[in-house]
Amino acid sequence: MAAKNETAQESVDGPYYLEKVLIPDDSDDDYQYEEVLADEERSMAEGDDEDLEAAVRALRDASDGTGSVLQRLSSAKQPFSHIPEVVDDFLRNFLVKMGMSRTLDCFQAEWYEMEQRGLLKTELVEFVPDAYTHNQLLDNELKNVQRERDSYRQAASKASETLVKLQKERDFHRLQHKRVVQEKNRLVEDIKRLKKHYGSYEPALKQLSYKYQVALKQKMLISLERDRACGQANSLEATLCNVHSSSTIRSANRDTGLPPQQEKYQSKSGKGGQLQNDGIALYDQDKDPTKNTAQKHPKDSEFPVSSRVNPYLGQIKALASHCPKASGFRFTNSLKAHTLPISCLALHPRKFIVASSSDDQLWRLWGMPMGDMIMTGEGHSDWLSGCSFHPNGGSLATTSGDTTVRIWDFSQGRCILTLDGHTHATWGCSFHSCGDFVASCSMDNTTKVWDLQSERCRNTLRGHVDSVNSVTFLPFSNTLLTCSADKTLSLWDARIGLCAQTFYGHQHSCNHATFNALGNTVASCDSYGVVKLWDVRKVAAMITMDTGPHPSNQMAFSPSGRTLAIASNDGSVKLVELASTQVSSLLGHDDAVQSVVFDHKGEYLLSAGSDGAILIWS
């Protein structure tokens, strides 16, 4: 309770100090000091309650100045929002602040002495005027404002430096922008001039192309006339020689006395044997003007007889009885074969091994269906566009954007032959069944037949007026099938390099064409997804299917010939049941599908695309 009273008193009067003061006997003042025992006079009764009212009664009984104390205690109970500083506290704080300790001691001694004697009139003790307090507050605010001013000055100086830097950068970028705009305007003007210049070339090119076609036709006609004239001249020369020889034989017979029958026989089987009884010249292969007059290379291979029969026809008919349906194929496995798009897949002639060619300038061999990599080859200087196995399975032919055809030997693990003759990128290749010839097609509008023994081009097939996009040999035949961006397909005799048949019907660039296993049907696809099936004997379209609008890139017949797989640019593989022309799709690639191929039994279907992956369907 005493502690509460002291706290209340201190809250009214402010903090005070108790100090022991000794008054010497030889003091100069005449005042008689008495010792007052505060503990005895101001002690409370033991039975009293320790509350505020008991403390007030004790103080009223023990002290004469009870009125002022009660007044201050009652005023302490009233709530204050703000208690100003009293004068004595102000003076004490001022003296402490100034370091005037002796003055402070004297002030406190005299102050408490007067308070104990009751000489200090508390009602006259006032609070410190607001002006002083306000001055202190203003002083503190001034200091805070000065600190803020200094911080703002620093921030302003930094902002000024940043502004100058940004202005310099702005001016620099303005200059760069003006320079870029000037260059852009100059380039726009150059492009306009180039377009105008290019526009002037188009009619000239059309005129030159027309002249070239006319000249080519005239050359062909002149060549035919020349060959006919040469044939007639040779015939006349042979007739004259026979006439002279017959007259010589008759004169000799007259000299020897031979009968007329023997003379007739002699005229039939005499020197050269080139005339029949009626005087017509017989065929002489060495003097045939239509035969290729190019000098024959000693290492040239001979084309096999074209009457060979496909030995796998029986196996094909057996597969047709239990071929799987197109709707039964499901995704089985996938492998990341190349880092760039895959352009072509080729199947080994006897084993389930697949070769892949890619835009990363590499070709690879894969063991299927597990997808184990067997071999990798590199050597082309540009992207690879196609590949084809040798009939014996020991080598591989590849075509590339570097205009060459390369032959790779697996046993040596390297390129053994480079065939260079095309003037533009080569798109595809195909081996003859005998293995001595390989055909390649190119963007230079031609197809070339290469002899691997003499390592030279035997024939160049000219007739297409745009890029030749695919080429394939009819199995066990000398017939070549090509398709071109000029919207046509052509059948060629590879021995003499002449076109036998041309198929018309596509409205857009033909991307690929292939034979079925029997060789009596041709399938072709174009850049708008239109697929056509052609009867080779009738040279007419049997079926037309629209799988667009996305381009169809490549096709493959199943070994039974009843299903056609189409690699589409929309990222799907389309399967067509040829009997019902029902189309189904296999989805799994992330990009365009570039190539498809069936295995030997038709149980697996492999597809490769621009995502660099090979997907296996079974």
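Each Cβ is built from the backbone N, Cα and C atoms, and glycine gets one as well.
Source: prediction; values computed, not measured.
Annotation comment: TrEMBL describes 135-197 as coiled coil. The annotation compositional bias 'Polar residues' is assigned in TrEMBL to 263-277. As annotated by TrEMBL, region 'Disordered' applies to 250-306. The repeat 'WD' annotation in TrEMBL covers 335-376, 377-418, 419-460, 461-502, 503-544, 586-618.
Against the repeat 'WD' (586-618), the recorded stretches 335-376, 377-418, 419-460, 461-502, 503-544 differ in Cβ pairs under 8 Å, and the greatest number is found for 335-376. Confidence across the repeat 'WD' (419-460), taken as the mean pLDDT and rounded to a whole number, stands at 92. Secondary structure by DSSP for the repeat 'WD' (503-544): 0 helix, 25 strand, 17 coil.
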